[in-house]
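For reference, Swiss-Prot has these:
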type	residues	note
BINDING	9, 10, 11, 12, 36, 37, 72, 164, 165, 192, 350	NADP(+) binding site
BINDING	101, 243	phosphate binding site
MOD_RES	134	S-cysteinyl cysteine
ACT_SITE	134	active site, acyl-thioester intermediate
BINDING	161, 240, 267	substrate binding site
ACT_SITE	274	active site, proton acceptor
């Protein structure tokens, strides 16, 4: 299968390439690399020679492919996808961008949760597969065991989202902000006799100063947070909050009888792991040990963390999870509102299960089925 790769140099694309090398995906395909800026230079070698870089906007070149995997972003998809389909191309389009997620012709792909839907689509002519919103995918990886049994009446998700979700430049800016804050009070920190209130005042002054680096976030994130992600919708939700309900229900195949999902999406100073505090209204009172068993056995990556302080502090954090495929779930307990209310907290890497991993796994599924 000739597979075109677009956006492979960006942050998500780089993680995708790393995972495809680790899983030897390149052994199974003929890779064709595309670029929007460096056409004609040698393509990267991920275990086999791929010739030269091709023009990512050349419809005739793209038409020669059996599949395209793109991490190039929404504007690329908006320009190229309709033109390619209108030109008669009938290959598989596998996309990280949000542009096509809610299109009827597209399946939001997360195979540990909706493999049956993916296989049905492949066997019935679906050719467009799109990775889901990062928080949605990570939430479903964590709680798939409850959703597949139809046990969730509604859910509220309060998110703690990493800088990586906003892009590579935002990650750099977060680190720069941390450095500027440290530099502003480094001499005071080195002096044990200095007043922490004086240090705190200086930190606040630094964060509020006009020279503080905020070109990307617009406001300080280090030492602070931003309780808004993406644009505003008419009902007062942010678009990120809207995605939780519509995308999760599409992945679960529940558009006709959706589970209400809503909450507040917040950007915090983590690098690349999103965390979520979840309030789950169950349809019935289920013993906690049974809930834990359902969650833990749903897929190979979810991990139930006992609701104890020390192991939670060690295992249920971005620092522990970053760079791994593990999706730990903890703080599992019944709530004061009633025994049919469940509290949970989960963490996952935004660039792996939140972005790159579903794309490469979709390619492997297509290869296996075809």
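A Cβ is built for glycine as well, from the same backbone N, Cα and C atoms used for every other residue.
Recorded features from Swiss-Prot, shown on the structure.
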| residue | record | Cβ within 10 Å |
| --- | --- | --- |
| 9 | NADP(+) binding site | 17 |
| 36 | NADP(+) binding site | 15 |
| 72 | NADP(+) binding site | 26 |
| 101 | phosphate binding site | 22 |
| 161 | substrate binding site | 24 |
| 165 | NADP(+) binding site | 24 |
| 240 | substrate binding site | 24 |
| 243 | phosphate binding site | 23 |
| 267 | substrate binding site | 25 |
| 350 | NADP(+) binding site | 27 |
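Counting other Cβ atoms within 10 Å of each Cβ, the recorded positions 11, 134 show the lowest value at 11. Take the Cα of residue 240 (substrate binding site) and measure to each of the binding-site residues 36, 72, 165: the nearest one is 165. Take the Cα of residue 9 (NADP(+) binding site) and measure to each of the recorded positions 134, 161, 243, 267, 274: the nearest one is 134. Within its own chain, residue 274 (active site, proton acceptor) has 134, 135, 138, 159, 160, 161, 162, 165, 347, 348, 350, 354 as residues 6 or more apart in sequence whose C-beta sits under 8 angstroms from its own. Rounded to a whole number, the C-alpha distance linking residue 243 (phosphate binding site) with residue 11 (NADP(+) binding site) is 22 angstrom. Using Cα positions, the member of the binding-site residues 11, 36, 72, 101 nearest to residue 267 (substrate binding site) is identified as 11.
For the substrate site, whose annotated binding residues are 161, 240, 267, the maximal Cα to Cα separation is 11 Å. Same-chain residues with CB within 8 A of the center of the 161, 240, 267 CB atoms, the substrate site residues themselves not counted, are 135, 159, 165, 166, 226, 228, 229, 230, 265, 266, 274. The two recorded residues, residue 101 (phosphate binding site) and residue 11 (NADP(+) binding site), show a Cα separation of 20 Å.
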